Amino acid sequence: MLEQDIQKILYSENDIIRKTKKLGEQLTKDYQEKNPLMIGVLKGSVPFMAELMKHIDTHVEIDFMVVSSYHGGTSSSGEVKILKDVDTNIEGRDIIIVEDIIDTGRTLKYLRDMFKYRKANTIKIATLFDKPEGRVVKIEADYVCYNIPNEFIVGFGLDYAENYRNLPYVGVLKEEVYSK
């Protein structure tokens, strides 16, 4: 039923798992004996973070934040709001911010600056998708599974109006669906 709204599938579930496994192996090497704190940006990061954690073979703690700059639409409002902050004290910690997609970069720049202010030891960004064409602020991810074109994608945590997150793959949403 949801598939009728998808223009094309970009990445299958198996494609995503393969890339995520490779990233997990890299994080294992980079954070051996460091006990990093992975902070997932809800809601979109949940499938990616859950898959990623399965492939990290070192100690890691997790926490979550709810941050929004979209407020239900298809384009960023430009205003970043923290709706739920982390519960963990991050001072002196090695932080890995886990995000489903980097588009404008505003949210991640805001979080990185906030964690610097809170005296995190290191701050790295891991994302499933990076959309450099959408960037309006200067920020780069440290770990990227896929660079993608400037298309509206959904699935594997990515949504349109809180729908399509449950698709096991990532596809391009038909324009007529979000331009109504």
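Just so you know, glycine gets a Cβ as well, placed from its N, Cα and C.
Cross-referencing Lys131, Lys180 with the GMP binding residues that Swiss-Prot gives (Phe152, Ile153, Asp159) picks out Lys131.
For the pair Asp103 (active site, proton acceptor) and Ile153 (GMP binding site), the C-alpha distance works out to 11 angstrom. Each residue contributes its Cα atom, and for Phe152 (GMP binding site) and Gly44 (diphosphate binding site) those atoms are 14 Å apart. Counting other C-beta atoms within 10 Å of each candidate's C-beta, the binding-site residues Glu99, Lys131, Phe152, Asp159 are led by Glu99. Site extent for diphosphate: among the recorded binding residues Lys43, Gly44, Arg165, the largest C-alpha separation is 9 Å.
Counting in whole angstrom, Ile153 (GMP binding site) lies 11 from Asp100 (Mg(2+) binding site) by their C-alpha atoms.
Under a cutoff of 8 A between CB atoms, and with a sequence separation of 6+ in the same chain, the neighbours of Lys43 (diphosphate binding site) are Val66, Gly157, Asp159, Arg165.
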